[in-house]
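Notes follow once the structure below has been shown.
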Amino acid sequence: MTTFKRASRALTSKLAAIYTCNFHPVTSLSHFSYTQNASFCSRPRQNNKEGSTIDLNQYPSDNIRNFSIIAHVDHGKSTLADRLLELTGTIRKGHGQPQYLDKLQVERERGITVKAQTATMFHRHKFLGSDTDFLLNLIDTPGHVDFSYEVSRSLAACQGALLVVDAAQGVQAQTVANFYLAFESNLAIIPVINKIDQPTADPDRVKAQLKSMFDLNPSDVLLTSAKTGLGLEQVLPAAIERIPPPPGKSTSPLRMLLLDSYYDEYKGVICHVAIVDGALHKGDKICSAATGQSYEVSDVGIMHPELVATGILLTGQVGYIVSGMRSTKEARVGDTLHHTRTVIQPLPGFKPAKHMVFSGLYPADGSDFEALNHAIERLTCNDASVSVTKESSTALGLGFRCGFLGLLHMDVFHQRLEQEHGAHVISTVPTVPYIFEYSDGSKLQVQNPAALPSNPKNRLIACWEPTVLATIIIPSMWGLLSLYALSVAGSNWSTHSLIASELS
């Protein structure tokens with residue numbers, strides 16, 4: 001409580017909201033140019049040509065750093081990721097497309113990051129008095145609240161995070177939300193103020209916000225401009241020196257966390273994994289702790305940033321495996337994979353996604369139901385935060401009831417179905433879940449109004465709908481906002497929900 005009160009004094013023009021939902025009675029990279037110092041590029045780009053191999057045995061866990069880039073929407077995460085890939089020689093400057101890690105068509109059309117993407121970089125840095133080669137796993141994450149599940153999964157594979165803040169916009173809603181995701185995961189947090197080249201940039205004000213809200217020391221803040229390259233030479237050294245190495249044990253039995261997956265027409269399901277303990281080699285027999293099924297690893301490697309086979313993954317490293325999974329139901333995000341005939345303690349996994357919006361999906365042509373079923377199954381392999389159940393409608397026939405984290409998440413899912421799988425769908429009006437309480441004490445959660453049963457013997461006594469419990473941090477005109485909220489929400493608005501004070 002006191003943290004948010006102090007924060008409100010530092011903000012001058014921004015509004016940030018962190019919310020949880022509970023049930024209660026009835027939110028182009030432009031052309032850039034900068035001179036890249038030769039000392040920035042630590043080693044030549046690793047080309048995936050025949051005969052060219054990457055020896056991961058050179059990188060013990062002490063020489064590995066895993067970190068994510070987290071920020072609010074449009075604060076420059078993907079552009080910063082591009083510059084780091086260029087500085088390490090992972091991609092060549094001026095080649096390829098801007099926002100290199102935003103690979104989906106929907107991401108390029110909308111200018112937002114939808115999927116967290118991993119890239120392995122190699123960097124030489126003078127550490128403890130000698131030049132040392134480091135393996136850096138970078139994860140670029142989405143900034144919109146609808147894709148916060150992607151962020152939480154990405155942080156599970158990291159020991160640190162770059163908290164990027166726009167020098168002009170300052171701390172905003174997802175800055176706060178993502179900070180606390182990283183803080184709860186006990187990650188080392190490196191604050192980075194980006195876009196300092198903008199005319200309206202005010203780094204000192206943003207430093208004060210970071211200090212008052214998150215108790216981050218202003219002297220630890222990095223000032224950068226990913227567009228011009230200003231200050232980028234200090235980012236990777238800071239990541240190496242401030243972020244701890246992975247804590248796993250190389251001598252322990254293999255345990256790896258399944259972070260993400262997607263379906264490839266030729267290889268089947270490709271899984272992104274983080275090696276927590278032990279080592280994985282091509283040809284190993286592995287087993288799923290969730291399903292008990294066994295597989296043989298036919299390919300293993302890293303994302304550099306495209307798939308590069310290495311034949312091995314060691315403790316602390318993040319990469320991909322191909323194990324012959326043919327069904328997306330076999331690749332359960334958050335599952336623990338281990339060697340067969342070994343007994344291990346499964347990893348905690350991830351919290352289940354909390355679906356906020358439900359919509360029906362039906363094929364435009366009733367005969368295309370199986371094709372739509374196939375497309376949804378493949379797409380949910382790459383988006384584990386969507387829930388899918390079959391349903392039928394008297395007007396539209398057989399279809400699916402899907403749960404999403406928000407309206408943008410739903411819209412992006414529909415667009416990906418059409419663009420990536422050629423599906424033509426009819427979607428129903430989105431609804432939120434309701435809970436109905438009956439006289440016998442039973443409760444029923446309903447996402448579709450048509451599913452509400454009619455039973456005259458069981459009297460309905462209460463109906464519960466989702467409400468938002470919000471902590472709002474706003475500038476000094478908060479009194480006007482309070483009056484507006486009262487006029488909109490009436491008696492449901494509680495002044496105790498508003499935590500604000502006049503800003504200095």
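Residue positions begin at 1 at the first shown residue.
Quick reminder: no glycine exception, Cβ is built from N, Cα and C everywhere.
Annotations in TrEMBL come from automatic prediction, not curation.
Taking Cβ-Cβ distances under 8 Å and a sequence gap of 6 or more within the same chain, the neighbours of Ile196 (GTP binding site) are Ala167, Pro203, Leu223, Thr224, Ser225, Leu230, Gly231. Residues annotated as GTP binding site in TrEMBL: 71-78, 140-144, 194-197.
Per-residue pLDDT, averaged over the domain 'Tr-type G' (62-247), rounds to 92. As annotated by TrEMBL, domain 'Tr-type G' applies to 62-247.
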Among the binding-site residues listed here (Ala71, Asp74, Lys77, Thr141, His144), identify the one with the smallest other-Cβ count within 10 Å.
Asp74
